[in-house]
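Peer 1: As annotated by Swiss-Prot, domain 'ABC transporter 1' applies to 5-196. The feature ATP binding site is assigned by Swiss-Prot to 37-44, 329-336. The region 'P-site tRNA-interaction motif (PtIM)' annotation in Swiss-Prot covers 189-274. The domain 'ABC transporter 2' annotation in Swiss-Prot covers 297-485.
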Amino acid sequence: MELILKAKDIRVEFKGRDVLDINELEVYDYDRIGLVGANGAGKSTLLRVLLGELTPPGCKMNRLGELAYIPQLDEVTLQEEKDFALVGKLGVEQLNIQTMSGGEETRLKIAQALSAQVHGILADEPTSHLDREGIDFLIGQLKYFTGALLVISHDRYFLDEIVDKIWELKDGKITEYWGNYSDYLRQKEEERKSQAAEYEQFIAERARLERAAEEKRKQARKIEQKAKGSSKKKSTEDGGRLAHQKSIGSKEKKMYNAAKTLEHRIAALGKVEAPEGIRRIRFRQSKALELHNPYPIVGAEINKVFGDKALFENASFQIPLGAKVALTGGNGIGKTTLIQMILNHEEGISISPKAKIGYFAQNGYKYNSNQNVMEFMQKDCDYNISEIRSVLASMGFKQNDIGKSLSVLSGGEIIKLLLAKMLMGRYNILIMDEPSNFLDIPSLEALEILMKEYTGTIVFITHDKRLLENVADVVYEIRDKKINLKH
């Protein structure tokens, strides 16, 4: 293998926190690396360092080949060099950056990178805004790409198909795992089990030593009390009494020394961290929110036209009570329109009178409120503070985040907060438009667990194949102006 990139002593600080603290990284030709980690871990910062856009003091960088960069959406720019055949296959119908959709911009920047003759591609969320067809086409293109690939992505299916090595970025450090994302998950689970066994052994040994030390102290106290009792008695032979007291004192000291030795052994055990457990919550609904209609939402021969474009013609569907229903289909096919038709109770759509619908929109994440996180969650919520904390923790919120004002939260944090609030709200039907967008993988996996355990009905749009497989028990595909039941 030929080395194309080597970096040493990558140290980046931000507001007193070590964002990156990496001794050495190497990228070889034919490497297929997935860079994973929580939002804010420094993944995009690391790509900027490797590209030379950011040069930390003392960092040594050796680039032995040309690199192309697929940036996040808001960084896209038009360039001169393009493979217009590839642009067309990716679905970009025009090149006016001002009027492009998010999906078209994403496809354009991918085409720009693949058009260049480079030794490696660094990609930051390349599947953003792509529909399933676009993602599958991108996977095919990258499989034929002969250079190295280092990619940040929250699409687990994409990572499974493309990468054979995972770099996990956590606490500023990179840990390398061989295999795709599913292989990485299995290795992480083995690590968790090993850590759990080590932690249980540590707790048991510490408890054993603490009991033994306490027993020695207890024995020493008994000897001390015995000595005090015997000193009150008169003895006609002073030498015998003194010898007896010396013997007792020696035993007492021996017991205390044994206790101290055990305490030193406890200290020598060090500290073993408990493994991160999966936080679960038991969702509940009040009697007032119970639905009994087996199909609380039904669409019968609905029609919808935008300008001269018909989205639906005599299309029908029904949403089963308690089901997790996924709406799939290409970009612009009518998925969000169908949700809006349901929310607006448009002609042909019947909704149970007792339905209480919670709605999560793709772009509903702008908040300027000074209300703090816990106050926001507690409003119109029947769950106690402990349960709220549990859900927030599962979505990646730390203890010190609970008191933060909404106005200082990032867009990703607001999205996680809105999803958590909706799941704990006074609803019996949830409608989610691309809930996985902008979530890091840990938060996405936590959301999956919450969605599966939710007791009400969920209708959601997603292009995330793993989310679809893991959560949906009913799947509708919008195609040819119809709403087709897939399973």
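Cβ coordinates come from backbone N, Cα and C, glycine included.
Buried or exposed, and what's around them? Tell me for each listed feature.
Peer 2: Under the DSSP three-state reduction, Ile333 (ATP binding site) is assigned to coil, being neither helix nor strand.
Taken together, the residues in the domain 'ABC transporter 2' (297-485) have a mean pLDDT of 90 on the 0 to 100 scale.
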Peer 1: What count of other C-beta atoms do you get within 10 angstroms of the C-beta of Asn331 (ATP binding site), across all chains shown?
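Peer 2: I get 19 for this one.
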Peer 1: Compile a sequence-ordered list of residues in the same chain as Ala41 (ATP binding site), six or more apart from it, whose Cβ lies below 8 A from its Cβ; state 'none' when nothing qualifies.
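Peer 2: In sequence order, Val19, Leu169, Lys170 meet the Cβ cut-off.
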Peer 1: When neighbour density is defined as the number of other C-beta atoms within 10 angstroms of a residue's C-beta, which of the binding-site residues Lys43, Lys335 has the lowest density?
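Peer 2: Comparing Cβ neighbour counts within 10 Å for the binding-site residues Lys43, Lys335 gives Lys43.
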Peer 1: Reduced to three states, what secondary structure does DSSP give Asn39 (ATP binding site)?
Peer 2: coil
